[in-house]
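**Student:** What TrEMBL records for this protein is below:
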TRANSMEM  63-83  transmembrane segment
TRANSMEM  90-109  transmembrane segment
TRANSMEM  136-166  transmembrane segment
DOMAIN    155-226  domain 'Concentrative nucleoside transporter N-terminal'
TRANSMEM  178-196  transmembrane segment
TRANSMEM  232-254  transmembrane segment
DOMAIN    234-332  domain 'Nucleoside transporter/FeoB GTPase Gate'
TRANSMEM  266-290  transmembrane segment
TRANSMEM  310-331  transmembrane segment
DOMAIN    337-559  domain 'Concentrative nucleoside transporter C-terminal'
TRANSMEM  395-417  transmembrane segment
TRANSMEM  429-448  transmembrane segment
TRANSMEM  507-528  transmembrane segment
TRANSMEM  540-561  transmembrane segment
């Protein structure tokens, strides 16, 4: 007996039913509501079954007083904490503001979506009507960027041109997703890297994540003992994967991950203009790996177009999973730059995908279907946490065996190449050297200094032929050497790179784009959608190339926006600081000493040439102040 009574729920029945009336309900007029009897929780049918409650009925649960008390208490706690010490309560304040913003969004967007679209339509019409001359303005700006020696900007243009020339269907390219994707990527990078609040916010968030991951030490020290850091990677780094996996599983159980993915997917849909299914999977790849994200849309995979398959795989190769984020942070990679790369990679990968393989078919999956995501099958939070931790076992084992195998293969390859090179009196031939020459032009186009481009080329080779974990491990060693402030060249061999080159390399290495991931991705997709096996194999290699170039383009944006240190008169600072013979440990002195040590040339005891026309006295004092591990201070002779 469904009835349709605006504002009421009326239970009607025969002799065995009661008549109840409940006013002031929030049901919409004309909405059909299943009837219930007695206590509003049963409806006897002949088979004893009960119909599911409608969405309107679910709203009838009297949660008002509980919610009001909880919200009042929470706000009172936040206000009190902020009044007592705002700096200490900053994290609590940010969480509260973010929660309020998202709740308002959920109620505001569905209600006023058409009005918002109407407000934005004049701008869209202006772009469409004036696109002919606007595109020439854009291209002229790009050419001027190259003329004025903005190498990173020029590199970005070169990558776009190469993608267009080797596109699957160059004449079918829709430029809106391309320009919107790159523009959104540039805007996000501009806000994060070049504005004070944006830079501070991501640096603060990165520090909080780093602190959060340190709670893994409690479990690691209990299981492996107090000296667990003696085996740093096995007992310090890998437990972070387990901890983060448990946290992600809990967030998925609570529905928070699905909510965030829908919002990010919606943002990509309305800005970049990608299809609904591409937008949702691109958002998933920020949090999940390229093998887990397709599972969210498993029922729709057989109906995707080839361009959609290409875009989904490209976004997977251009991003990394959140559960391995802590691994890279623990290696010493900047969490702020990793967070920035994760945000910028989503629109970039969609832009590259739509340029390299444009859409030539009509997508079949609607927005409503694409936004449907499954819920966790866990029965409570504890079960969700345990399932997430257990699921991390395979990932930990996979990381372990890959590192053992690939590092062993790298050592063997270097030995074999050195043996081969010795036949031609060139024993220094190695895998790293080959990669440095192959990928050096790509790294230079990103804006890396010419001197450092060979080292970045080696890292890109490690990432492409092995994986990003090996590459980030090598990069962390270079970062540590720079922080030790030793000489940049020892016996003619470069020891580390500049901070700018390290920053660009961090973005260039971001993503799962490597040859081993290609095989895993093909196997995953074909097992889920075996009927599309040939299409998946056809787009996979192109998707890998697109994913790698997407990371390169993100690095170009980082190169454009990365700030360089302000020049200071180090000669004057060091002379004054060491005038009394006692080093003064200030920020400017340390910075100048680091620059001096990095630019000095050391070939042996007494054979030291200070960089930047500095005196031996300044070099010796800087060495005693910073005590670098790569330089013996007794090698520096006393100044005459």
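Using N, Cα and C of the backbone, Cβ positions are placed for all residues, glycine too.
Where the annotation comes from TrEMBL, it is an automatic prediction and has not been curated.
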**Student:** Going by DSSP assignments with H, G and I as helix and E and B as strand, what are the residue counts for the domain 'Nucleoside transporter/FeoB GTPase Gate' (234-332)?
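**Tutor:** Across the domain 'Nucleoside transporter/FeoB GTPase Gate' (234-332), the residues distribute as 78 helix, 0 strand, 21 coil.
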**Student:** Can we call the transmembrane segment (178-196) and the transmembrane segment (63-83) in contact, meaning three or more C-beta pairs below 8 angstroms at a sequence separation of 6+?
**Tutor:** no
**Student:** Hey, does the transmembrane segment (310-331) touch the transmembrane segment (540-561), meaning at least 3 C-beta pairs closer than 8 angstroms, sequence gap 6 or more?
**Tutor:** yes
**Student:** Compare 63-83, 232-254, 310-331, 395-417 by their Cβ pairs under 8 Å to the transmembrane segment (429-448) and return the stretch that comes out on top.
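**Tutor:** The stretch I would name here is 395-417.
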**Student:** On the DSSP side of things, how many residues of the domain 'Concentrative nucleoside transporter N-terminal' (155-226) fall into helix, strand and coil, could you say?
**Tutor:** 61 helix, 0 strand, 11 coil
**Student:** Mind checking which residues of the chain, 6+ beyond the ends of the transmembrane segment (507-528), have their Cβ under 8 Å from one of its Cβ atoms?
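**Tutor:** Distant Cβ neighbours of the transmembrane segment (507-528) are 289-291, 294-295, 298, 301, 309, 313, 316-321, 337-338, 340-342, 344-345, 402, 443, 446, 456, 459-460, 463-468, 471-472, 475, 536-537, 540-541, 543-544, 547-548, 550-552, 554-555, 557-558.
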